[in-house]
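Annotations per Swiss-Prot:
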type	residues	note
SIGNAL	1-26	signal peptide
CARBOHYD	91	N-linked glycosylation site
CARBOHYD	159	N-linked glycosylation site
CARBOHYD	223	N-linked glycosylation site
(Lines of atoms letter the chains of each structure in order from A and count residues from 1; the text may use other names and numbers.)
(Lines give C-alpha, C1' and ligand atoms only; values in the text may rest on other atoms or scores of the structure.)
Protein backbone atom coordinates (compact mmCIF):
# COMPACT_ATOMS: atom_id res chain seq x y z
CA UNK A 1 0.00 0.00 0.00
CA UNK A 2 2.86 2.37 0.82
CA UNK A 3 4.47 1.63 -2.57
CA UNK A 4 1.16 2.33 -4.33
CA UNK A 5 0.69 5.57 -2.42
CA UNK A 6 4.26 6.60 -3.21
CA UNK A 7 3.73 5.93 -6.90
CA UNK A 8 0.52 7.93 -6.90
CA UNK A 9 2.26 10.83 -5.15
CA UNK A 10 5.12 10.65 -7.67
CA UNK A 11 2.74 10.71 -10.60
CA UNK A 12 0.85 13.67 -9.12
CA UNK A 13 4.13 15.54 -8.57
CA UNK A 14 5.22 14.78 -12.14
CA UNK A 15 1.88 16.03 -13.47
CA UNK A 16 2.17 19.25 -11.45
CA UNK A 17 5.70 19.89 -12.79
CA UNK A 18 4.68 19.19 -16.40
CA UNK A 19 1.57 21.32 -16.03
CA UNK A 20 3.53 24.19 -14.44
CA UNK A 21 6.07 24.19 -17.28
CA UNK A 22 3.34 23.99 -19.94
CA UNK A 23 1.32 26.74 -18.33
CA UNK A 24 4.37 28.99 -17.89
CA UNK A 25 5.25 28.60 -21.57
CA UNK A 26 1.65 29.28 -22.51
CA UNK A 27 1.42 32.35 -20.33
CA UNK A 28 4.88 33.87 -20.36
CA UNK A 29 7.54 32.30 -22.57
CA UNK A 30 9.93 35.19 -21.90
CA UNK A 31 9.94 34.45 -18.16
CA UNK A 32 10.75 30.79 -18.78
CA UNK A 33 13.55 31.59 -21.22
CA UNK A 34 15.05 33.99 -18.72
CA UNK A 35 14.82 31.44 -15.90
CA UNK A 36 16.73 28.84 -17.92
CA UNK A 37 19.07 31.40 -19.53
CA UNK A 38 17.70 30.84 -23.02
CA UNK A 39 17.83 33.50 -25.75
CA UNK A 40 14.96 35.93 -25.31
CA UNK A 41 12.71 36.86 -28.23
CA UNK A 42 9.88 39.27 -27.58
CA UNK A 43 7.21 37.56 -29.65
CA UNK A 44 4.26 39.40 -28.20
CA UNK A 45 3.54 43.15 -28.09
CA UNK A 46 6.61 45.05 -29.27
CA UNK A 47 7.10 48.42 -27.60
CA UNK A 48 8.04 51.26 -29.92
CA UNK A 49 8.22 54.94 -29.14
CA UNK A 50 7.62 57.14 -32.12
CA UNK A 51 5.54 59.83 -33.78
CA UNK A 52 1.77 59.58 -34.11
CA UNK A 53 2.16 57.85 -37.49
CA UNK A 54 5.05 55.41 -36.94
CA UNK A 55 6.75 53.91 -39.95
CA UNK A 56 5.71 50.37 -40.85
CA UNK A 57 8.59 47.88 -40.58
CA UNK A 58 10.05 47.02 -43.99
CA UNK A 59 10.50 43.30 -43.39
CA UNK A 60 7.06 42.06 -42.38
CA UNK A 61 6.80 38.37 -41.47
CA UNK A 62 3.69 38.16 -43.69
CA UNK A 63 2.65 40.56 -46.43
CA UNK A 64 -0.50 42.43 -45.37
CA UNK A 65 -1.75 42.65 -48.95
CA UNK A 66 -3.80 39.45 -48.79
CA UNK A 67 -5.35 40.48 -45.47
CA UNK A 68 -6.29 43.92 -46.82
CA UNK A 69 -7.93 42.36 -49.89
CA UNK A 70 -9.89 39.94 -47.71
CA UNK A 71 -11.03 42.76 -45.40
CA UNK A 72 -12.26 44.68 -48.43
CA UNK A 73 -14.06 41.59 -49.74
CA UNK A 74 -15.92 41.00 -46.46
CA UNK A 75 -16.79 44.70 -46.19
CA UNK A 76 -18.12 44.80 -49.74
CA UNK A 77 -20.43 41.86 -49.00
CA UNK A 78 -21.82 43.71 -45.98
CA UNK A 79 -22.13 46.98 -47.91
CA UNK A 80 -24.31 45.23 -50.50
CA UNK A 81 -26.67 44.14 -47.73
CA UNK A 82 -26.75 47.62 -46.15
CA UNK A 83 -27.16 50.16 -48.99
CA UNK A 84 -27.51 53.85 -48.07
CA UNK A 85 -31.11 54.92 -47.54
CA UNK A 86 -32.46 58.48 -47.70
CA UNK A 87 -33.65 60.06 -44.48
CA UNK A 88 -35.60 63.30 -44.68
CA UNK A 89 -38.20 62.99 -41.93
CA UNK A 90 -39.36 60.47 -39.34
CA UNK A 91 -42.73 60.23 -41.12
CA UNK A 92 -41.08 58.60 -44.15
CA UNK A 93 -39.24 55.92 -42.19
CA UNK A 94 -40.59 52.40 -41.66
CA UNK A 95 -43.36 52.20 -39.08
CA UNK A 96 -44.04 48.91 -37.29
CA UNK A 97 -47.58 50.07 -36.49
CA UNK A 98 -48.49 50.76 -40.13
CA UNK A 99 -46.61 47.80 -41.62
CA UNK A 100 -48.57 44.58 -42.16
CA UNK A 101 -47.77 40.91 -41.52
CA UNK A 102 -49.92 38.31 -43.30
CA UNK A 103 -49.72 34.56 -42.72
CA UNK A 104 -49.57 32.78 -46.09
CA UNK A 105 -51.83 29.74 -46.46
CA UNK A 106 -53.40 30.12 -42.99
CA UNK A 107 -55.06 27.08 -41.40
CA UNK A 108 -56.96 26.35 -38.23
CA UNK A 109 -54.23 23.89 -37.24
CA UNK A 110 -50.67 23.63 -38.51
CA UNK A 111 -48.47 20.54 -38.33
CA UNK A 112 -45.21 19.98 -36.48
CA UNK A 113 -42.34 20.10 -38.96
CA UNK A 114 -44.13 22.40 -41.40
CA UNK A 115 -42.80 25.77 -42.47
CA UNK A 116 -44.97 28.77 -41.69
CA UNK A 117 -44.44 31.77 -43.97
CA UNK A 118 -45.47 35.34 -43.21
CA UNK A 119 -45.37 38.17 -45.75
CA UNK A 120 -44.40 41.54 -44.26
CA UNK A 121 -45.15 44.74 -46.18
CA UNK A 122 -43.26 47.72 -44.81
CA UNK A 123 -45.05 51.06 -44.66
CA UNK A 124 -44.00 54.46 -43.39
CA UNK A 125 -45.68 56.49 -40.63
CA UNK A 126 -48.10 57.98 -43.18
CA UNK A 127 -49.20 54.53 -44.32
CA UNK A 128 -47.37 54.62 -47.65
CA UNK A 129 -45.76 51.43 -49.01
CA UNK A 130 -41.96 51.40 -48.80
CA UNK A 131 -40.18 50.87 -52.10
CA UNK A 132 -36.93 49.53 -50.68
CA UNK A 133 -35.75 47.09 -48.00
CA UNK A 134 -32.99 47.14 -45.42
CA UNK A 135 -35.12 47.12 -42.25
CA UNK A 136 -33.49 45.25 -39.34
CA UNK A 137 -36.06 42.76 -38.06
CA UNK A 138 -35.99 39.98 -35.47
CA UNK A 139 -38.47 37.11 -35.76
CA UNK A 140 -39.27 34.65 -32.97
CA UNK A 141 -41.87 32.00 -32.18
CA UNK A 142 -42.43 30.93 -28.57
CA UNK A 143 -44.64 29.06 -26.11
CA UNK A 144 -44.03 30.38 -22.57
CA UNK A 145 -45.90 27.51 -20.88
CA UNK A 146 -43.61 25.01 -22.60
CA UNK A 147 -40.49 27.14 -22.11
CA UNK A 148 -39.99 26.84 -25.86
CA UNK A 149 -38.73 29.25 -28.49
CA UNK A 150 -37.07 29.51 -31.90
CA UNK A 151 -35.92 32.23 -34.25
CA UNK A 152 -37.41 32.89 -37.67
CA UNK A 153 -35.58 33.47 -40.94
CA UNK A 154 -36.10 36.90 -42.53
CA UNK A 155 -35.67 37.20 -46.31
CA UNK A 156 -35.44 40.76 -47.66
CA UNK A 157 -36.70 41.19 -51.24
CA UNK A 158 -35.26 44.75 -51.31
CA UNK A 159 -38.58 46.23 -52.42
CA UNK A 160 -40.27 46.85 -49.08
CA UNK A 161 -41.53 43.29 -48.68
CA UNK A 162 -40.07 40.52 -46.52
CA UNK A 163 -40.72 36.82 -46.09
CA UNK A 164 -40.48 35.57 -42.51
CA UNK A 165 -40.22 31.78 -42.27
CA UNK A 166 -40.70 29.69 -39.13
CA UNK A 167 -40.06 25.97 -38.72
CA UNK A 168 -42.79 24.60 -36.45
CA UNK A 169 -40.69 22.50 -34.08
CA UNK A 170 -43.27 21.65 -31.38
CA UNK A 171 -47.00 21.19 -30.85
CA UNK A 172 -49.24 23.44 -28.83
CA UNK A 173 -50.20 27.09 -28.87
CA UNK A 174 -47.41 29.08 -30.48
CA UNK A 175 -47.08 32.87 -30.40
CA UNK A 176 -45.41 34.73 -33.26
CA UNK A 177 -43.35 37.91 -33.02
CA UNK A 178 -41.73 40.08 -35.68
CA UNK A 179 -39.90 43.03 -34.17
CA UNK A 180 -38.78 46.05 -36.15
CA UNK A 181 -35.47 46.60 -34.40
CA UNK A 182 -34.44 49.57 -36.58
CA UNK A 183 -35.96 50.97 -39.79
CA UNK A 184 -33.79 50.84 -42.90
CA UNK A 185 -33.05 54.56 -42.55
CA UNK A 186 -31.73 53.95 -39.03
CA UNK A 187 -29.69 50.96 -40.19
CA UNK A 188 -28.12 53.08 -42.92
CA UNK A 189 -27.31 55.84 -40.41
CA UNK A 190 -25.72 53.38 -37.95
CA UNK A 191 -23.62 51.78 -40.70
CA UNK A 192 -22.39 55.17 -41.91
CA UNK A 193 -21.70 56.32 -38.35
CA UNK A 194 -19.72 53.20 -37.48
CA UNK A 195 -17.27 53.81 -40.31
CA UNK A 196 -16.43 57.32 -39.16
CA UNK A 197 -14.24 57.09 -36.09
CA UNK A 198 -12.44 55.31 -33.26
CA UNK A 199 -13.14 58.00 -30.67
CA UNK A 200 -16.47 56.86 -29.19
CA UNK A 201 -14.51 55.22 -26.37
CA UNK A 202 -11.80 56.95 -24.29
CA UNK A 203 -9.04 54.73 -22.88
CA UNK A 204 -6.95 55.82 -19.91
CA UNK A 205 -3.66 54.01 -19.33
CA UNK A 206 -1.88 53.95 -15.99
CA UNK A 207 1.92 53.79 -16.08
CA UNK A 208 3.62 52.56 -12.91
CA UNK A 209 7.34 53.18 -12.53
CA UNK A 210 8.67 52.88 -9.00
CA UNK A 211 6.62 55.18 -6.81
CA UNK A 212 5.42 57.13 -9.84
CA UNK A 213 1.93 56.59 -11.26
CA UNK A 214 0.90 58.53 -14.35
CA UNK A 215 -2.31 58.40 -16.40
CA UNK A 216 -2.32 59.22 -20.11
CA UNK A 217 -4.74 58.93 -23.02
CA UNK A 218 -4.67 55.70 -25.03
CA UNK A 219 -6.48 54.58 -28.17
CA UNK A 220 -6.50 52.31 -31.19
CA UNK A 221 -5.86 55.44 -33.25
CA UNK A 222 -4.30 58.56 -31.71
CA UNK A 223 -3.99 61.75 -33.71
CA UNK A 224 -1.37 63.53 -31.67
CA UNK A 225 1.84 65.41 -32.29
CA UNK A 226 3.29 64.36 -28.93
CA UNK A 227 5.49 61.32 -28.41
CA UNK A 228 3.56 58.05 -28.34
CA UNK A 229 4.09 54.55 -27.06
CA UNK A 230 3.16 52.04 -29.73
CA UNK A 231 2.21 48.54 -28.56
CA UNK A 232 2.58 46.60 -31.78
CA UNK A 233 1.79 43.05 -32.71
CA UNK A 234 4.46 42.96 -35.40
CA UNK A 235 3.29 39.77 -37.08
CA UNK A 236 -0.26 40.93 -37.73
CA UNK A 237 0.43 44.69 -37.70
CA UNK A 238 -2.20 45.47 -35.07
CA UNK A 239 -1.32 48.30 -32.72
CA UNK A 240 -2.53 50.18 -29.66
CA UNK A 241 -1.19 53.59 -28.65
CA UNK A 242 -0.73 55.66 -25.50
CA UNK A 243 0.63 59.15 -25.02
CA UNK A 244 4.10 58.61 -23.54
CA UNK A 245 4.47 60.05 -20.03
CA UNK A 246 7.60 62.17 -19.48
CA UNK A 247 10.53 60.20 -18.04
CA UNK A 248 8.52 56.96 -17.85
CA UNK A 249 9.25 53.99 -20.15
CA UNK A 250 6.53 52.61 -22.42
CA UNK A 251 6.95 49.20 -20.79
CA UNK A 252 5.59 50.66 -17.53
CA UNK A 253 2.00 50.56 -18.85
CA UNK A 254 0.24 48.48 -16.20
CA UNK A 255 -3.49 49.23 -15.97
CA UNK A 256 -6.28 50.39 -18.26
CA UNK A 257 -9.86 51.54 -18.06
CA UNK A 258 -12.29 53.19 -20.45
CA UNK A 259 -15.38 55.33 -20.62
CA UNK A 260 -17.77 56.53 -23.30
CA UNK A 261 -16.93 59.80 -25.00
CA UNK A 262 -19.67 62.35 -25.65
CA UNK A 263 -19.41 62.13 -29.42
CA UNK A 264 -21.91 61.15 -32.10
CA UNK A 265 -21.78 60.87 -35.87
CA UNK A 266 -25.58 60.90 -36.12
CA UNK A 267 -27.62 64.01 -36.81
CA UNK A 268 -30.14 65.19 -34.22
CA UNK A 269 -32.93 63.99 -36.50
CA UNK A 270 -31.31 60.57 -36.92
CA UNK A 271 -30.92 60.17 -33.16
CA UNK A 272 -34.70 60.33 -32.81
CA UNK A 273 -34.85 56.96 -34.59
CA UNK A 274 -33.03 55.36 -31.65
CA UNK A 275 -35.20 56.49 -28.77
CA UNK A 276 -36.29 53.42 -26.82
CA UNK A 277 -39.90 53.73 -28.03
CA UNK A 278 -38.67 53.31 -31.62
CA UNK A 279 -36.56 50.19 -30.97
CA UNK A 280 -37.86 46.60 -31.19
CA UNK A 281 -41.46 47.56 -32.00
CA UNK A 282 -43.87 44.69 -32.70
CA UNK A 283 -45.22 44.33 -36.26
CA UNK A 284 -47.51 41.33 -35.62
CA UNK A 285 -51.03 42.02 -34.42
CA UNK A 286 -52.04 41.07 -30.89
CA UNK A 287 -53.90 37.97 -32.17
CA UNK A 288 -50.62 36.40 -33.17
CA UNK A 289 -51.04 32.83 -31.85
CA UNK A 290 -51.40 29.70 -33.97
CA UNK A 291 -52.26 26.10 -33.09
CA UNK A 292 -49.75 23.38 -33.96
CA UNK A 293 -50.51 19.65 -33.83
CA UNK A 294 -48.52 16.48 -34.38
CA UNK A 295 -50.19 15.45 -37.64
CA UNK A 296 -47.72 12.71 -38.58
CA UNK A 297 -47.42 9.71 -36.27
CA UNK A 298 -44.30 8.40 -38.02
CA UNK A 299 -41.16 8.28 -35.92
CA UNK A 300 -38.84 11.19 -36.64
CA UNK A 301 -35.62 10.18 -38.44
CA UNK A 302 -32.61 9.74 -36.19
CA UNK A 303 -30.14 12.60 -36.58
CA UNK A 304 -26.41 12.07 -36.29
CA UNK A 305 -24.57 13.34 -33.24
CA UNK A 306 -23.34 16.93 -33.38
CA UNK A 307 -19.69 17.11 -34.42
CA UNK A 308 -17.06 19.53 -35.67
CA UNK A 309 -17.43 20.98 -39.15
CA UNK A 310 -21.19 20.52 -39.47
CA UNK A 311 -23.01 23.21 -41.45
CA UNK A 312 -25.56 24.93 -39.25
CA UNK A 313 -29.17 25.16 -40.42
CA UNK A 314 -31.26 28.36 -40.26
CA UNK A 315 -32.64 28.40 -37.63
CA UNK A 316 -29.94 26.34 -35.97
CA UNK A 317 -32.34 24.82 -33.44
CA UNK A 318 -34.98 25.57 -30.86
CA UNK A 319 -35.48 25.80 -27.10
CA UNK A 320 -37.66 23.15 -25.43
CA UNK A 321 -38.15 23.09 -21.66
CA UNK A 322 -35.37 25.66 -21.39
CA UNK A 323 -32.86 23.36 -23.13
CA UNK A 324 -31.43 23.69 -26.62
CA UNK A 325 -32.25 21.17 -29.35
CA UNK A 326 -30.19 21.54 -32.57
CA UNK A 327 -32.03 21.35 -35.89
CA UNK A 328 -29.49 19.38 -37.92
CA UNK A 329 -27.89 17.04 -35.36
CA UNK A 330 -28.55 15.44 -31.99
CA UNK A 331 -27.05 16.04 -28.56
CA UNK A 332 -26.04 13.00 -26.55
CA UNK A 333 -26.25 13.08 -22.73
CA UNK A 334 -22.66 13.53 -21.57
CA UNK A 335 -21.27 13.60 -18.05
CA UNK A 336 -19.26 16.77 -17.83
CA UNK A 337 -16.44 15.55 -15.62
CA UNK A 338 -15.94 12.36 -17.66
CA UNK A 339 -15.77 14.43 -20.84
CA UNK A 340 -13.27 16.93 -19.42
CA UNK A 341 -10.95 14.24 -18.05
CA UNK A 342 -7.39 14.59 -19.37
CA UNK A 343 -8.11 17.74 -21.36
CA UNK A 344 -6.44 21.16 -21.55
CA UNK A 345 -9.16 23.69 -22.36
CA UNK A 346 -8.26 27.25 -23.31
CA UNK A 347 -11.14 29.75 -23.24
CA UNK A 348 -10.11 32.94 -25.04
CA UNK A 349 -12.16 36.08 -25.46
CA UNK A 350 -14.59 38.31 -23.66
CA UNK A 351 -16.67 37.96 -20.51
CA UNK A 352 -19.38 35.91 -22.28
CA UNK A 353 -16.87 33.05 -22.57
CA UNK A 354 -15.65 33.75 -19.03
CA UNK A 355 -19.19 32.72 -18.04
CA UNK A 356 -18.21 29.22 -19.18
CA UNK A 357 -15.29 29.25 -16.76
CA UNK A 358 -17.60 30.19 -13.92
CA UNK A 359 -20.07 27.48 -14.95
CA UNK A 360 -17.39 24.78 -15.06
CA UNK A 361 -16.15 25.74 -11.60
CA UNK A 362 -19.67 25.67 -10.17
CA UNK A 363 -20.59 22.29 -11.69
CA UNK A 364 -17.32 20.34 -11.31
CA UNK A 365 -16.68 20.52 -7.57
CA UNK A 366 -13.20 18.99 -7.83
CA UNK A 367 -11.87 21.89 -9.91
CA UNK A 368 -9.57 24.11 -7.86
CA UNK A 369 -8.80 27.70 -8.80
CA UNK A 370 -5.11 28.55 -9.07
CA UNK A 371 -4.00 31.95 -7.78
CA UNK A 372 -2.23 33.65 -10.69
CA UNK A 373 -1.44 36.72 -8.56
CA UNK A 374 -3.40 39.11 -10.76
CA UNK A 375 -6.03 41.63 -9.81
CA UNK A 376 -9.17 43.05 -11.35
CA UNK A 377 -12.31 41.68 -12.97
CA UNK A 378 -10.50 40.73 -16.18
CA UNK A 379 -7.69 38.77 -14.54
CA UNK A 380 -6.76 35.48 -16.14
CA UNK A 381 -8.39 32.45 -14.52
CA UNK A 382 -7.08 28.91 -14.18
CA UNK A 383 -8.82 25.90 -12.64
CA UNK A 384 -7.35 22.40 -12.38
CA UNK A 385 -8.26 18.94 -11.17
CA UNK A 386 -4.94 17.16 -10.68
CA UNK A 387 -6.45 13.72 -10.13
CA UNK A 388 -8.46 13.86 -13.35
CA UNK A 389 -5.77 15.85 -15.22
CA UNK A 390 -8.22 18.62 -16.14
CA UNK A 391 -6.98 22.13 -16.88
CA UNK A 392 -9.29 25.00 -17.85
CA UNK A 393 -8.02 28.52 -18.45
CA UNK A 394 -9.78 31.76 -19.42
CA UNK A 395 -7.77 34.60 -20.92
CA UNK A 396 -9.08 37.94 -22.16
CA UNK A 397 -8.52 38.95 -25.76
CA UNK A 398 -6.31 41.88 -26.74
CA UNK A 399 -7.33 45.50 -27.21
CA UNK A 400 -9.98 46.83 -27.38
CA UNK A 401 -11.33 45.95 -23.94
CA UNK A 402 -14.10 48.25 -22.75
CA UNK A 403 -14.91 48.69 -19.08
CA UNK A 404 -15.14 51.34 -16.39
CA UNK A 405 -13.36 49.01 -13.96
CA UNK A 406 -9.57 49.10 -13.92
CA UNK A 407 -7.93 46.01 -15.41
CA UNK A 408 -4.34 44.85 -15.72
CA UNK A 409 -2.65 44.85 -19.13
CA UNK A 410 0.63 43.25 -18.02
CA UNK A 411 -0.18 40.01 -19.82
CA UNK A 412 -2.47 41.32 -22.56
CA UNK A 413 -1.94 39.93 -26.05
CA UNK A 414 -3.88 39.03 -29.13
CA UNK A 415 -5.47 35.61 -29.38
CA UNK A 416 -3.50 34.81 -32.54
CA UNK A 417 -0.22 34.90 -30.60
CA UNK A 418 -1.59 32.59 -27.89
CA UNK A 419 -2.67 30.14 -30.58
CA UNK A 420 0.78 30.32 -32.21
CA UNK A 421 2.36 29.28 -28.89
CA UNK A 422 0.01 26.35 -28.45
CA UNK A 423 1.44 22.99 -29.49
CA UNK A 424 -1.94 21.35 -29.70
CA UNK A 425 -2.99 17.69 -29.77
CA UNK A 426 -6.19 15.67 -29.45
CA UNK A 427 -6.71 16.60 -25.79
CA UNK A 428 -6.14 20.31 -26.39
CA UNK A 429 -9.35 22.31 -26.88
CA UNK A 430 -9.47 25.98 -27.86
CA UNK A 431 -12.68 28.02 -27.53
CA UNK A 432 -12.80 31.56 -28.94
CA UNK A 433 -15.40 34.30 -28.54
CA UNK A 434 -15.02 37.79 -30.02
CA UNK A 435 -17.48 40.59 -30.61
CA UNK A 436 -19.00 42.72 -27.86
CA UNK A 437 -15.95 44.95 -27.25
CA UNK A 438 -15.55 45.65 -30.98
CA UNK A 439 -19.03 47.08 -31.59
CA UNK A 440 -18.18 50.78 -30.96
CA UNK A 441 -15.36 50.79 -33.56
CA UNK A 442 -15.22 50.59 -37.36
CA UNK A 443 -15.96 47.00 -38.35
CA UNK A 444 -12.73 46.60 -40.32
CA UNK A 445 -11.01 46.33 -36.90
CA UNK A 446 -13.15 43.30 -36.04
CA UNK A 447 -12.72 41.76 -39.49
CA UNK A 448 -8.93 42.15 -39.29
CA UNK A 449 -8.83 40.53 -35.84
CA UNK A 450 -11.04 37.65 -36.98
CA UNK A 451 -8.86 37.10 -40.07
CA UNK A 452 -5.69 37.06 -37.95
CA UNK A 453 -7.24 34.51 -35.60
CA UNK A 454 -8.31 32.49 -38.66
CA UNK A 455 -4.73 32.46 -39.99
CA UNK A 456 -3.37 31.41 -36.59
CA UNK A 457 -5.89 28.56 -36.44
CA UNK A 458 -4.88 27.46 -39.93
CA UNK A 459 -1.27 27.23 -38.74
CA UNK A 460 -2.32 25.35 -35.60
CA UNK A 461 -4.46 22.82 -37.46
CA UNK A 462 -1.70 22.32 -40.01
CA UNK A 463 0.87 21.35 -37.37
CA UNK A 464 -1.64 19.64 -35.09
CA UNK A 465 -4.82 18.60 -36.95
CA UNK A 466 -6.18 16.72 -33.91
CA UNK A 467 -6.58 19.93 -31.90
CA UNK A 468 -10.24 20.75 -31.27
CA UNK A 469 -11.32 24.33 -32.04
CA UNK A 470 -14.72 25.78 -31.16
CA UNK A 471 -16.06 29.24 -32.02
CA UNK A 472 -18.83 30.83 -29.96
CA UNK A 473 -20.49 33.66 -31.82
CA UNK A 474 -21.50 36.77 -29.93
CA UNK A 475 -24.99 37.05 -28.49
CA UNK A 476 -27.69 39.69 -28.32
CA UNK A 477 -27.62 42.28 -25.55
CA UNK A 478 -29.75 44.92 -23.79
CA UNK A 479 -32.08 46.95 -26.01
CA UNK A 480 -31.60 50.13 -24.00
CA UNK A 481 -27.82 50.14 -24.45
CA UNK A 482 -26.19 53.10 -26.14
CA UNK A 483 -27.42 52.29 -29.66
CA UNK A 484 -24.76 54.10 -31.68
CA UNK A 485 -22.04 52.19 -29.84
CA UNK A 486 -23.62 48.87 -28.89
CA UNK A 487 -26.69 48.20 -31.05
CA UNK A 488 -27.40 44.56 -31.86
CA UNK A 489 -27.25 45.66 -35.49
CA UNK A 490 -23.48 46.08 -35.00
CA UNK A 491 -23.35 42.65 -33.39
CA UNK A 492 -25.33 41.11 -36.25
CA UNK A 493 -22.96 42.45 -38.91
CA UNK A 494 -20.03 41.01 -36.93
CA UNK A 495 -21.92 37.71 -36.66
CA UNK A 496 -22.29 37.61 -40.46
CA UNK A 497 -18.62 38.51 -40.97
CA UNK A 498 -17.44 35.81 -38.53
CA UNK A 499 -19.49 33.11 -40.26
CA UNK A 500 -18.08 34.18 -43.63
CA UNK A 501 -14.46 34.19 -42.44
CA UNK A 502 -14.46 30.83 -40.65
CA UNK A 503 -16.64 28.80 -43.00
CA UNK A 504 -13.65 26.94 -44.50
CA UNK A 505 -12.20 25.65 -41.20
CA UNK A 506 -13.06 22.33 -39.59
CA UNK A 507 -14.21 23.87 -36.33
CA UNK A 508 -17.27 23.60 -34.14
CA UNK A 509 -19.59 26.62 -34.11
CA UNK A 510 -21.88 27.48 -31.22
CA UNK A 511 -24.45 29.86 -32.64
CA UNK A 512 -24.95 31.98 -29.53
CA UNK A 513 -26.72 34.64 -31.61
CA UNK A 514 -29.48 32.31 -32.78
CA UNK A 515 -29.73 30.75 -29.33
CA UNK A 516 -30.26 34.03 -27.50
CA UNK A 517 -32.86 35.13 -30.08
CA UNK A 518 -34.67 31.81 -29.56
CA UNK A 519 -34.52 32.17 -25.76
CA UNK A 520 -35.75 35.76 -26.06
CA UNK A 521 -32.76 37.02 -24.08
CA UNK A 522 -31.63 40.65 -24.24
CA UNK A 523 -28.70 40.48 -21.86
CA UNK A 524 -25.02 40.70 -22.71
CA UNK A 525 -24.45 38.02 -20.06
CA UNK A 526 -27.17 35.39 -20.69
CA UNK A 527 -28.60 33.43 -17.74
CA UNK A 528 -27.39 29.97 -16.72
CA UNK A 529 -29.94 28.10 -18.86
CA UNK A 530 -28.37 29.58 -21.99
CA UNK A 531 -24.79 28.97 -20.81
CA UNK A 532 -25.68 25.37 -19.96
CA UNK A 533 -27.09 24.86 -23.46
CA UNK A 534 -23.94 26.30 -25.04
CA UNK A 535 -21.71 24.03 -22.97
CA UNK A 536 -23.87 21.00 -23.77
CA UNK A 537 -23.13 21.53 -27.47
CA UNK A 538 -19.46 22.05 -26.63
CA UNK A 539 -19.26 18.76 -24.73
CA UNK A 540 -20.79 16.95 -27.72
CA UNK A 541 -18.13 18.48 -29.97
CA UNK A 542 -15.21 17.31 -27.85
CA UNK A 543 -16.42 13.91 -26.58
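Cβ atoms here come from the backbone N, Cα and C positions, even for glycine.
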Between residue 223 (N-linked glycosylation site) and residue 91 (N-linked glycosylation site), how far is it from one CA atom to the other, in Å?
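So the Cα of residue 91 (N-linked glycosylation site) lies 39 Å away from that of residue 223 (N-linked glycosylation site).
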Where does residue 159 (N-linked glycosylation site) sit in DSSP terms: helix, strand, or coil?
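DSSP call for residue 159 (N-linked glycosylation site): coil, neither helix nor strand.
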Identify which of the glycosylation sites 91, 159 has its Cβ surrounded by the largest number of other Cβ atoms within 10 Å, counting every protein chain shown.
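Selected residue: 159.
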Roughly how many Å separate the Cα of residue 91 (N-linked glycosylation site) from that of residue 159 (N-linked glycosylation site), to the nearest whole number?
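Each residue's Cα considered, residue 91 (N-linked glycosylation site) and residue 159 (N-linked glycosylation site) end up 18 Å apart.
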Near residue 223 (N-linked glycosylation site), how many other Cβ atoms are within 10 Å of its Cβ?
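For residue 223 (N-linked glycosylation site), the 10 Å Cβ neighbour count is 10.
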Provide the three-state secondary structure of residue 223 (N-linked glycosylation site) computed with DSSP.
coil
